Amino acid sequence: MKGISIKRFECYLLYLLSIHMAALFIFFIFRFTLFCSIDYQFPAEIKGDVLLQSGAFLRGLWFDNVIACYILLLPLVVLWIAALCNYTAKWLFRFTTVYFSCFYSVSFVIAAANIPYFEYFFKTINSSIYNWFGYGGTTAGLMFGESSYYFPIFLGLLSIVVFVWGASSLASYFYRRAEKAAPQISLLSRVAVLVAGAICIGLCLFGIRGRMGYNPIKVSQAYYCEDPFLNQLGVNPVFNLLTSTLDDNRKENRTLHLMSEEDALSKVQKYLHRQGIDRLSPIARKVEREGTPNRRNVVLVFMESMSANLMGTFGSDKKLTPYLDSLYQQSLSFSHFYSSGIHTNHGIYFTLYSFPAIMKRNAMKGSVIPVYSGLPTVLQENGYCNLFFMTHESQYDNMNAFLRTNGFDEIYAQENYPSEKVVNSFGVQDDFMYQYALPILNERAGTGNPFFSVLLSISNHPPYVIPPYFHPHSDVLEEQIVEYADWSIRQFMQAAEKQPWFDNTIFVFLGDHGKMVGTPECEMPQSYNHIPLMIYGKDIKPGVYDGFGGQVDVSPTLLGLLNISYLQNNFGVNLLEEERPCMFFTADNLIGARDSVNMFIYSPDSQQEFKYKLEEGKLHAATGTDEEAFRNLKDYCFSMLQSTESLVKEHKTLDKVSVKK
C-alpha cells in the first residue's frame, strides 16, 4: 500500500501557485493597457507622481487576488484531498486545466471588455451591460464595427490562448513530477499534508474575504486619493461585475411600484412648486439669491441614534442631554423634524443630497458609485474644502467611495487614528474624533477658504463603550451612553469656541436617525424617525420652527443661510421660506407620512395600510374618519418615493446636463 507523499503535495501546490501568479500577471497587463490607452489628463500636481499612481496598481493586485482566490478554491480542495489519498492521475490535471481555462477565459473577456467600456463611460464595467444582451446584433456590430475595439479584442483572445497553452504545459510538467514523487509511509507525513492543506485553504478563504477588518473587501477599498481615474483603476472588472449583479438582485434594491411615474412626477411638481428644466429634470429649478455668498464655514454633526424622545426638550425626564437642551434654546431649532429612514446611510444620503431613501435600499453601497449633486457639490463649486470625519472604517457602507465621488475632498476615518484609540468594531469614540478634527479644521481655516465639515458620531450605537474618564449619572448603560454623547458635543463646542473661525461658522446638529424609546405606539415607532435639528451660529436668531421638515430639507435651508445661488435638482425645500404640509419617511419595509393630526403607514410587502390620529399627544387607530386627509398623506409619500425611483433610474440626479463625448 502506498503512503502519503509530501513531495507530491508540493507539486500540486507549485502547480496551483504557478497558475495563480500567471493569472495575476495577465490581470496586470489589462490594467496597464487601460492606464496607457485611456485619453485622460492627470491634474498637474499628480501628473508625474509615480508613487501615487502606483497605488492604483497595488490595490488592483489586491482585488485581482480576490477573484483569483475564488477560482483557486475548488482545485485547491480537490488536489489536497488527492494528496491525502496519495492519488495522482493525468485526468486530475486535465480537469484542473479545463476548469482554470474556462473561468479565466471568461474573466479575461470581461477584463478586455472593460477597456473600451471604461474609456466610454469612465466607469468600471458593471451589471448595466446586461441591458445590451437583448440587442445581440447591435452589440456585435458595435464591437466589430469600431476599430478602437480591435486591440482590446485581440488582447483578450491572445490572453486566453497564452493562458490555456501555459496551463496545459504546467499541468503536463507537474503531472510528471508528481508521478515520480516517491511515497513516504508515515503518520507524520500524513499530518503534515493535512495541516499544510488546511493552512492553504485558510489563506485562500482569507484572500477571498480580502481583508481582516469588520467587513469583507468592497469597492470602497480601491478609493485612496482625489483622482477619480486612479480610484477606479484598482477595481477588478470581474469583481465589479459580480458585486454589482448581486447588488441588483438584492430584494431591497428591486424597483418600487407605488403609482405611475407620470402621476408621481406631476404630483411632486405641484407639492414642491416646480416646473422642471428641460433635459435636466422635471423637478429642477434655479434658486437665485440677492447679494453675494457670505462664505461662512459649516460644521454638520450627525448624532448617532439621537431620537428627539431622548431630550428633555421633547418630554424626557431622564436629564440625559443637558447640553443639547441648552443648545436647542440658543439655536434655530425644528420641533417637527424627521429622518429619512432608520439607518445611518439613509441619514447621510438624505441630508447631504436631498434624495429620499427608498425602503431598505442603501444608495451608497452599490459597486457602481452613483453621482449626485447636493450640498457638498454646490459648496465645492463655491470654493469650499469639504471634509468628512467618521469614527469607523472609511469603507463601511462604501462611504469612502461614495463621498469622494460626490463632493468630498478629504475623508478621515479609523485608518487615520492611532490603533490604541479604537475601542470596538465601530472605531474610536466621539470625543476623540472631535478632538482629532479641530487641528485639521484650524489648518483648513488658515488657507483663507471656507470649509464644510461633516462629523459622524457613533457612541450611541451598540456595542456601547463608556470611557473611564466620563462619569454618568444614570445606572442604565443605554442612558449613560446618551449622557456621554451629549458631554462629547459640549466638549467639542467649548473647544471650538476658542478657535478663530468659530464666529464665522454655522453649526448644524441633527440625528442621523432615532432609536426605540419607550413603548412603540404604532408599526413605525416615531422615536425612530423624530429627530432634533439645531442650527447654531453668530447672527442666527434663536427660535423654534414648528412646521414639518426632514433631513431632505437641510441642504436647501443651509444654502439659503449661506446666501448661495444654485441650480437645485432634488426634493428639499428651504424651510425658512417654504412650508411642507406634512413629512414622509421610511423604516425598512414600511412607508410613513404624517401631518399635525394624522399618521399614514403603508407596507409594500403586504400592501396593508395603517391609519392613526393624534389625540392628547398620542397616536390612536383612526376609525374611518377624514379619509381625504389620509389620501393626501398617501399621495404625498407615494409620489415622493416613486419620483425618486424614477429620477435615480434615469440618472437625473445632477444639477447640470451631462454631455457624453
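Cβ atoms here come from the backbone N, Cα and C positions, even for glycine.
Among the candidates Glu290, Glu304, Glu381, Glu393, the residue that TrEMBL names alongside Thr344, Asp512, His513 for the Mn(2+) site is Glu304. Note: the Mn(2+) site is recorded as Glu304, Thr344, Asp512, His513; in the same chain, Phe302, Met303, Ser305, Met306, Ser339, His343, Gly347, Leu456, His461, Gly511 also have Cβ atoms within 8 Å of that site's Cβ centroid. All chains included, 30 other C-beta atoms sit within 10 angstroms of the C-beta of His513 (Mn(2+) binding site).
Burial estimate for the recorded positions (Thr344, Asp512): highest at Asp512, by number of other CB atoms within 10 Å. Listed binding-site residues: Glu304, His461. The one with the lowest count of other Cβ atoms within 10 Å of its Cβ is His461. Mean pLDDT across the domain 'Sulfatase N-terminal' (296-564) comes to 95 in this model. Thr344 (active site) falls within a helical segment according to DSSP. Each residue contributes its Cα atom, and for Glu304 (Mn(2+) binding site) and His461 (substrate binding site) these two points are 7 Å apart.
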